[in-house]
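Q: Here's a structure for you.
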Amino acid sequence: MPPLPLITAQTEEKLLAFLTEHGHTKFRTQQVLDWVWRKRVTTFDAMSNLPPALKNLLAENFRFHTPEIVEIHGSADTTRKFLTKMEDGSLVESVIIPAAAAENGEKSERVTLCVSSQVGCAFGCKFCASGLLGLKRHLTTGEIIGQILSAEAIAGKRVNNIVFMGMGEPLSNFDNLADALEIITSHRGLEIGARHITISTSGFVPGLKKLAAYPRQIRLAVSLHGATDEVRDQIMPVNKKWPLSQLIPALEEWNRGRNQMPTLEYILIRDINDSPKDASHLVRIAKRLHAKVNLIPYNTVEGLPWKRPSEERCRSFRDAVHKARIPVTMRYEKGHDINAACGQLRLRKEQEKSGKTSR
């Protein structure tokens with residue numbers, strides 16, 4: 001017999017439909033959600049203002065569960081990575097990132113959590129550890145939400161900024177992602193504003209078209225990493241199915257009617273995509289999309305051949321983009337000393353389990 005559905009995976013619409021079918025009012029739905037999300041109870045018995053019959057109904061049809069964090073890795077810059085085990089034993093990663101101090105020295109209250117959307121990844125970007133073991137499965141809505149709840153419990157603080165930049169391609173798990181977004185943004189859920197949520201895609205065009213029709217103003221980051229088909233074909237297999245000639249129009253469609261700038265994520269890899277010519281191609285795309293650029297010097301993955309460019313080369317690339325009046329930042333990945341780049345911690349753990357740790 002399959003386990004009962006998670007109460008934390010129910011959108012307000014779905015829970016309302018269930019309770020209405022069983023003769024309960026919208027008010028009762030609101031009460032239940034208040035207990036789940038405002039008071040953070042973990043049993044139905046704790047919902048003291050509900051009638052016993054309703055508590056029994058909930059207990060017979062739903063359950064509470066948060067995934068287990070099996071490893072926590074701290075970092076000198078206070079970033080922490082969590083390795084989280086799902087009920088079937090699958091491992092995923094999340095990273096909690098406190099904001100840096102503001103320029104005026106005041107403490108920022110932003111707490112960002114990077115979450116995963118799949119166990120592994122099918123897209124096989126050549127520089128990324130997540131795809132080395134392939135795709136195992138999609139995460140459920142409850143497992144996506146569970147990462148947030150587990151991280152908050154360990155950190156002792158509420159997350160107020162979420163980036164879907166962990167393991168997996170979020171837009172290929174769109175239905176579960178959409179339900180998770182409803183719970184995250186809902187006034188009767190986690191209540192995190194849509195503009196404090198970023199979805200990253202490697203260029204999965206069918207999912208981008210669905211996201212374009214999605215009503216909430218979720219931010220978008222595109223893992224571009226190459227500004228020509230020649231470069232993207234070399235390091236991102238997704239480009240062979242959805243090349244730039246399809247990706248860029250899909251991004252324009254997403255941006256139509258929105259007052260938002262997409263972010264072009266661009267990992268700088270030595271002798272692959274870090275030349276002045278590459279910078280010129282990137283500028284051309286950024287101007288067409290009215291996008292900002294986030295440059296990330298490559299975070300070395302054991303067993304892969306790619307190298308990080310020199311700091312001088314990285315700065316030169318950034319300056320070329322900046323001179324073209326494109327908003328650009330250079331992000332050195334926090335947590336470089338804790339395997340914090342996408343997929344590295346899970347890869348190491350799986351290799352240890354199979355006795356195939358790379359040397």
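Every residue gets a Cβ built from N, Cα and C, even glycine.
The active site, proton acceptor annotation in Swiss-Prot covers Glu93 and is backed by sequence analysis. Residues or ranges marked as active site, S-methylcysteine intermediate by Swiss-Prot on the basis of sequence analysis: Cys342. According to Swiss-Prot, the [4Fe-4S] cluster binding site annotation covers Cys121, Cys125, Cys128. The annotation S-adenosyl-L-methionine binding site is assigned in Swiss-Prot to Gly168, Glu169, Ser200, Ser223, Leu224, His225, Asn299. Sequence annotations record features per position, and here Swiss-Prot assigns disulfide bond to Cys114-Cys342. Positions annotated as domain 'Radical SAM core' by Swiss-Prot: 107-337.
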Q: Just to verify a number: CA distance, Leu224 (S-adenosyl-L-methionine binding site) to Glu93 (active site, proton acceptor), in angstrom, no decimals.
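A: Just about 22 Å between their Cα atoms.
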Q: Applying a 10 Å Cβ distance cut-off over all chains shown, what neighbour count does Glu93 (active site, proton acceptor) have?
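A: Excluding its own Cβ, Glu93 (active site, proton acceptor) sees 28 Cβ atoms within 10 Å.
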Q: For Cys114 (disulfide bond), name the DSSP secondary structure in the helix/strand/coil scheme.
A: strand
Q: About how far apart, in whole Å, are the alpha carbons (Cα) of Glu93 (active site, proton acceptor) and Cys114 (disulfide bond)?
A: 8
Q: Going by Cα-Cα distance, pick out whichever of the recorded positions Cys114, Ser200, Ser223, His225, Asn299 is nearest to Cys128 ([4Fe-4S] cluster binding site).
A: Asn299
Q: Just the number: how many Å between the Cα atoms of Ser223 (S-adenosyl-L-methionine binding site) and Cys125 ([4Fe-4S] cluster binding site)?
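A: So the alpha carbons of Ser223 (S-adenosyl-L-methionine binding site) and Cys125 ([4Fe-4S] cluster binding site) sit roughly 10 Å from each other.
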Q: Fill in the CA-CA distance, Gly168 (S-adenosyl-L-methionine binding site) to Cys121 ([4Fe-4S] cluster binding site), as an integer in Å.
A: 4
